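Everything on this sheet refers to the single structure shown next.
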Amino acid sequence: MAQSDLDLKEAVLKEDLKFYFMNPCEKYRARRQIPWKLALQILKILMVTTQLIFFGLSNQLVVSFKEENTIAFKHLFLKDYSGVDEDDYSCSIYTQQDAYDSIFYVINQYRQLKNISLGTLGYEHEGSGLKICKQQYKKGTMLTSNDTLNIDVSTETECIFLKPQELAGKKAELKLNSSFFSLEFYRLIQVEISFKLKGIALQTIHARELPDCYAFQNTITFNNRAHSGKIKIYFDSDTDIQECKDWHIFSSVLQKNTQYILVFDGFVILSCFASLILCTRSIVLALRLQKRFVNFFLEKYKRHVCHADRLEFINGWYVLVIISDVMTIIGSILKMEIKAKNLTSYDVCSILLGTSTLFVWVGVIRYLGYFQTYNVLILTMQASLPKVLRFCCCAGMIYLGYTFCGWIVLGPYHEKFEDLNTVAECLFSLVNGDDMFATFAQIQQKSTLVWVFSRLYLYSFISLFIYMILSLFIALITDSYDTIKKYQQSGFPVTDLHEFLKDHGSVRYGKEQTSMPFICCCRRSVGDEHLTWCLLVWKSIL
């Protein structure tokens with residue numbers, strides 16, 4: 001009697017296992033189970049992509065408004081700005097008179113801002129103004145002719161505040177003529193001018209969106225740290241989007257368009273929430289099925305199931321979809337708040353929606369995995385990933401060594417080796433065969449020893465990484481690909497799970513063999529060979 005119960009339990013378990021590893025088309029033919037999750041995933045892909053396109057078009061307006069205002073500020077407040085930045089700074093000056101002229105030019109332009117600006121700009125509030133700070137070494141003396149210098153290297157900072165109202169009166173003239181603006185350039189480190197402005201982006205109205213209000217924190221830095229006779233002028237504009245207060249826009253079309261987009265975002269949240277529930281339920285059912293199989297295997301064969309067979313029940317596509325759904329739901333809620341002008345977290349919303357859409361489209365690969373020909377990419381990536389990661393760890397040590405060596409030796413003689421981040425980017429470009437001649441040619445020939453070292457350094461790095469390390473990297477992936485191709489021809493390795501289901505007959509189909517449109521394009525029975533392929537390859541999310 002006990003043996004009969006065990007056989008019955010085994011038959012039921014095999015039926016459930018075989019059904020679990022089917023694709024949606026086969027599940028429909030076996031039990032007439034309509035693949036709701038498949039339809040929901042397809043619908044979700046369309047909705048999430050449409051949502052991202054709408055948000056991307058709106059975000060383009062924000063980005064263009066920020067960039068155009070930054071360019072306008074540079075032309076407004078930087079004297080003789082050419083329109084093109086010099087390296088990493090905006091412009092430079094070389095005489096004391098140019099330094100005074102540039103500082104007072106900023107003050108004068110700020111005072112006349114409302115009369116000269118073409119944009120919708122204004123001061124932050126009545127108490128706002130220009131904050132001018134100068135940082136310098138403490139008092140000392142310098143005699144260049146005798147090569148003598150007496151200076152205290154500790155620094156001191158002195159600031160002055162100019163309000164827009166004061167700039168129009170005589171009080172401002174007293175401040176501008178004070179000793180604060182008598183600069184001793186031999187001990188001057190930098191002069192920093194900071195001020196806040198506000199603006200409104202009206203271009204969004206033409207895109208049938210409510211306008212945004214912006215706060216610009218502008219900082220102009222006259223950098224004289226090098227004391228080389230060249231003062232670099234840096235312009236930095238930090239933009240924050242703020243809620244517009246007490247605004248009234250008379251347009252029914254604008255209001256309706258906002259409502260339609262909010263409703264659409266609501267449907268996206270509902271579809272992702274339904275997908276999240278269904279995928280979570282599938283993971284729970286898979287874990288229960290795994291537990292049944294592990295317990296039965298231990299009861300009948302008196303041994304534990306291997307780790308690889310346990311992982312067969314954990315479908316990575318489920319996890320990917322769940323992460324994507326959570327990010328889409330949070331991003332959609334933020335997007336609705338941004339659309340209603342209650343929040344201004346564009347960056348956070350962009351990261352969430354962009355990453356979730358990336359995961360959604362990567363998940364499309366699982367549908368191609370239903371076909372043996374298209375599934376080679378997934379299997380090759382799975383097989384080669386552990387070996388590639390171990391290989392990259394070893395190659396990374398060599399890469400870091402070259403990075404530090406290039407930074408410390410070639411940094412003073414080559415602009416691409418000035419800091420660690422730039423060195424790492426330069427070497428990565430060389431590995432990919434990009435910009436090689438420019439890297440060789442730009443080395444300064446001021447030191448013959450360094451020039452010879454640079455040649456040995458670059459030739460050895462390129463030869464080692466392109467001809468050896470990169471070739472071995474490709475060989476690892478090629479080897480995994482060849483292994484997968486052999487398995488497809490001769491069969492995949494058989495595990496305990498496959499042996500358990502090997503002698504089980506085909507799942508009984510319903511009497512009617514009606515195939516579903518757009519999914520079931522052919523009829524076939526689930527034989528042993530097909531089952532083995534399903535267990536290893538066709539682990540679909542549905």
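Here the Cβ of each residue, glycine as well, is placed from N, Cα and C on the backbone.
Quantities reported herein were computed from a predicted structural model and do not represent experimental measurements.
If you look up TrEMBL, you'll see 62-245 marked as domain 'Mucolipin extracytosolic'.
Taken from TrEMBL, the feature transmembrane segment covers 260-289 (among others). Note on the transmembrane segment (260-289): residues 16-17, 20, 36-37, 40-41, 43-44, 47-48, 50-51, 54, 313-315, 318-319, 321-322, 324-326, 328-329, 332-333, 335-336, 339-340, 541-542 of its chain, located 6 or more positions outside it, place their CB under 8 angstroms from a CB of the stretch.
The annotation transmembrane segment is assigned in TrEMBL to 310-333 (among others). For the transmembrane segment (310-333), the list of distant contacts is 20, 41, 48, 51, 265, 268-269, 272-273, 275-276, 279-280, 282-283, 286-287, 289-290, 293-294, 349, 352-353, 355-357, 359-360, 362-363, 366, 497, 535, 539-541: same-chain residues at least six beyond its ends, Cβ to Cβ under 8 Å.
Feature annotation from TrEMBL assigns transmembrane segment to 345-368 (among others). Note on the transmembrane segment (345-368): residues 41, 44-45, 48-49, 51-52, 55, 59, 62, 241, 317, 320-321, 323-325, 327-328, 330-332, 334-335, 338, 374-375, 377-378, 540-541 of its chain, located 6 or more positions outside it, place their CB under 8 angstroms from a CB of the stretch.
Taken together, the residues of the domain 'Polycystin cation channel PKD1/PKD2' (348-484) have an average pLDDT of 86. Feature annotation from TrEMBL assigns domain 'Polycystin cation channel PKD1/PKD2' to 348-484.
Annotated transmembrane segment per TrEMBL: 388-410 (among others), in sequence order.
With a threshold of 8 Å between CB atoms, the same-chain residues lying at least 6 positions outside the transmembrane segment (456-477) that come near it are 380, 384, 387-388, 391-392, 395, 398-399, 402, 405-406, 409-410, 427, 430-431, 433, 436, 439-440. Sequence annotations record features per position, and here TrEMBL assigns transmembrane segment to 456-477 (among others).
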